[in-house]
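To start, the structure itself, in structure tokens.
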Amino acid sequence: MSGDVAAENSIHIQNGGSCEVVQSNGVTTNGHGHHHHHHSSSSSSSKHKSSSKDKHRDREREHKSSNSSSSSKEHKSSSRDKDRHKSSSSSSKHRDKDKERDGSSNSHRSGSSSSHKDKDGSSSSKHKSSSGHHKRSSKDKERRDKDKDRGSSSSSRHKSSSSSRDKERSSSSHKSSSSSSSSKSKHSSSRHSSSSSSKDHPSYDGVFVKPEPVSQQLMHSGSVDAFQMQQLGSYEAAAAGTNFNGNGNVAGANYKNGYEESIVDIKKEEESFNNLSQASSCDYSMSQFRADEPPFVVKHEQSYAEEDSTMNYNDHDDDADEMNDDEEDVPLAMRKRKQEATDRPDGGMDNDDDDDIPLLARKKVKKEKIKKESKEKSKKRVKEEPSDDYGNVKPKKKKMKKEPEPAVSPGKRQKAKAKVEEEEVWRWWEEEKRADGVKWSTLEHKGPVFAPRYERVPRNVRFYYDGKPLELSEETEEAATFYAKMLNHDYCTKEVFNNNFFKDFRKSMTPREREIIKDFRKCNFQEMFNYFQAESEKRKAASKEEKLIKKNENEALMKEFGFCMIDGHKEKIGNFRLEPPGLFRGRGEHPKMGMIKRRIQASDVSINCGKDSKVPSPPPGSRWKEVRHDNTVTWLASWIENVQGQVKYIMLNPSSKLKGEKDHIKYETARRLDKVIDKIRATYRDEWKSKEMRVRQRAVALYFIDKLALRAGNEKDEDQADTVGCCSLRVEHVQLHKELNGKENVVVFDFPGKDSIRYYNEVEVEKRVFKNLELFMEHKKEGDDLFDRLNTQVLNEHLKELMEGLTAKVFRTYNASKTLQSQLDLLTDPSATVPEKLLAYNRANRAVAILCNHQRSVPKSHEKSMENLKEKIKAKREAIEKCESEYHSRDEKKGKQLERLRDQLKKLELQETDRDENKTIALGTSKLNYLDPRISVAWCKKHDVPIEKIFNKTQRTKFLWAVHMADENYRF
């Protein structure tokens, strides 16, 4: 490495103490301009950085003055570790390069436009001697350091006279914090930049020099050569007449606002790009560079950490005072980072390693980090007390990698906040249960949200009767739109639906309209249908901004009306919106389908809230039907709907305490049944032989409820759908076969179950049950009840005698959960993959769904989704074949790829099997209503299956109590 310096600068001292540094590249720096900028916004972070670097460079500059050799290259750097262990002559050579780099650094600090204006006026002093140049550049550097150590927010930081700044200083005045000492301080140690490790402080003539927390590599404290170099540097500094400002800091160091953003531009510094070692031993502050020059930024910025050392130094009393002032300038965030930087395994990167790092790799510092540190500079600085145990041991400094703090976007903050709110769960299951029937002590809510008023369709959207447009009244038009919106639905093809609608449609008409509109077949709703279809498409094609506005409106409504306060806890409401007017559909083949559901008014609604709570306000100009304070019920509002005359409720969300408690009690009751089920089964078997027909019918019905998980079945009125349960079975629903398909005593059930879903099952029963059924069906014709001496009320009273809280639904819940538990034990292979375990779980779930007759029609999208899945499987198989053909000539990497492809194919094939098996089975119904969720939670925990694979978000929220309660050893 050459120690020559080619850059020649001249310094013009102004009367006010300002100076201009003119370099060969023509860039001029005005000291006062930068000084003022630093005064307004500099941070302790940049102060510390610049000071430590200046001291490192100026330590070597003293040898530059004694050696006449100079180089023509800027930004040269040498290995500092090599400097520390070489002879003093060779180390001075390397120091010369650091000095040269420092001179170049000064030139780069000139980023203001005024520096370019003074370019021509100062170019005449370019060709001075090399030693003179370094002397003056050091003088300029001292001024900047002096300015730096004055406070960033107080004007008193600049009250040193210009004469003290203009004093002649030697180029060796700046020592590194690890090697500098003055004639008065013989062994001043290098103080750590972190407040926790500040034990020995360098002092010059009794004055403390502030270091900075940057990744400068320090001299090994145990090295004798390094110590000799320190003392030699101290004596040379004293001989050169080194001066320091009154604040105890090297004068000079003009910086801009902390770390300024600089755009990396490699082409503008080709010399630095060619010499990768230039940035290795010198970490520049971002403010040292012009905005148009590429900064030398180390990839992993580092800070010091305290370590043991074997070299002892003596402290001066004034060091402790300077430490106190110094810590005041350190931002709290910076001190925190210093304290945390303790665990880097490699102990920092030495200079040789630094030299090996490509320049591009060292320039990857995020702009976000720079901006963040700039913001920290504007914060109020917190004074930190100095450590009382300042020892006389110089700690060895270890570089630590500083992880950049990730910038959090507003969206992520909102998600994080929402996550925190979700984690703040009301653990009601850990509270003591109340046995007095009281559901809550305090309840407050805002009431329901009413459906919006009807907005008439545009005048060009018309209703046609008998081919002619007909203008309708507002009420009649609204009724017509109800039907128009469903025009493409299957309901509109049903005669019952159309007849019921037209009957109510005529009720909404004016007398004149009623005279004209008499035949439903002449009504034409097509134009209205087209309008609503176009509106639907328009909503789907809305811009992101429009959708966001709508979303925000819904969220605001949810925030206001979607929550209530119950016993001091915020709970979500399930259906806070009242049902809008429309056409009644009903479940299954309901006889009232198509009837018009009228608009609900405030006068129809009863409110339930706490006595001491604020009663919800009704819409202006109206009043509630009733305000109640009943804490034995869980509903918040109720009304009677006009179609069936049933009471409708606004209830809490399934994830609420009241709903969760109800579920918990249901499953605990089913678990209690497990303890007495054998006794109950023995009882109804004995009753098959009873002399009373009533007892026999009850015993056979209970057998079917237990074995087939049938619903009890209530009697239906004529205006209700004809669905059948166990007690309401009729003769036509049951067929008896002495032998069928190789089975004996077979009973064939075929009847419409809940939601008019067909229940068909061929069951082999015990011989005594078969004979009893033959007895029950004697002398009965089609339409007669099979169990003519039994109803649900009688059955439930008997069940309560067998066990407290026992109902037909408890039997259904018990058998469903018991089936799931046994099927999981049977089908789950602990060594299987997660997809295979999921297939086993779905098969167990499907067994329950079949038991409970949870069927569904094949989804319309099933065929298309299966085709897509088969295409994926085909493509995956082709990829495997191609990979196998290349495998023999490939390395191990190809083998891993082949294994991965096979796993993916297996996963797709399992998915295809699972989807096809479940096309007519509704797994969700049993999962939500009949299966103890703790069984699934325990299975997931035991077999390392993510709970998200079993329960979706809604189900996880509903069963949060189960997730917290159950461990892997839970058994139903």
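Every residue, even glycine, has its Cβ placed from backbone N, Cα and C.
Feature annotations, reproduced from Swiss-Prot:
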type	residues	note
COMPBIAS	11-31	compositional bias 'Polar residues'
COMPBIAS	32-50	compositional bias 'Basic residues'
COMPBIAS	51-65	compositional bias 'Basic and acidic residues'
COMPBIAS	72-86	compositional bias 'Basic and acidic residues'
COMPBIAS	93-103	compositional bias 'Basic and acidic residues'
COMPBIAS	104-114	compositional bias 'Low complexity'
COMPBIAS	125-138	compositional bias 'Basic residues'
COMPBIAS	139-151	compositional bias 'Basic and acidic residues'
COMPBIAS	173-183	compositional bias 'Low complexity'
MOD_RES	S303	phosphoserine
MOD_RES	Y304	phosphotyrosine
COMPBIAS	316-330	compositional bias 'Acidic residues'
SITE	R539	site 'Interaction with DNA'
SITE	R587	site 'Interaction with DNA'
SITE	W635	site 'Interaction with DNA'
DOMAIN	655-972	domain 'Topo IB-type catalytic'
SITE	K666	site 'Interaction with DNA'
SITE	T723	site 'Interaction with DNA'
SITE	K754	site 'Interaction with DNA'
SITE	N796	site 'Interaction with DNA'
SITE	H854	site 'Interaction with DNA'
SITE	K872	site 'Interaction with DNA'
ACT_SITE	Y930	active site, O-(3'-phospho-DNA)-tyrosine intermediate
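Shown on the structure are the features that Swiss-Prot records.
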{"residue": "R539", "record": "site 'Interaction with DNA'", "contacts (Cβ under 8 Å, 6+ apart)": "none"}
{"residue": "W635", "record": "site 'Interaction with DNA'", "contacts (Cβ under 8 Å, 6+ apart)": "N608, Y649, I650, M651"}
{"residue": "K666", "record": "site 'Interaction with DNA'", "contacts (Cβ under 8 Å, 6+ apart)": "K809, V810, T813"}
{"residue": "K754", "record": "site 'Interaction with DNA'", "contacts (Cβ under 8 Å, 6+ apart)": "R587, G588, R711, T723, N853"}
{"residue": "N796", "record": "site 'Interaction with DNA'", "contacts (Cβ under 8 Å, 6+ apart)": "A712, T807, A808"}
{"residue": "H854", "record": "site 'Interaction with DNA'", "contacts (Cβ under 8 Å, 6+ apart)": "V848, I921, A922, L923, T925, S926"}
{"residue": "K872", "record": "site 'Interaction with DNA'", "contacts (Cβ under 8 Å, 6+ apart)": "L908"}
{"residue": "Y930", "record": "active site, O-(3'-phospho-DNA)-tyrosine intermediate", "contacts (Cβ under 8 Å, 6+ apart)": "R812, T813, A816, S817, V848, C852"}
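Other Cβ atoms within 10 Å of the Cβ of R587 (site 'Interaction with DNA') number 13 in total over all chains. In this structure, T723 (site 'Interaction with DNA') belongs to neither helix nor strand by DSSP; it is coil. In this view, T723 (site 'Interaction with DNA') is surrounded by 22 other Cβ atoms within 10 Å of its Cβ, with every protein chain counted. According to DSSP, N796 (site 'Interaction with DNA') is assigned to a helical segment.
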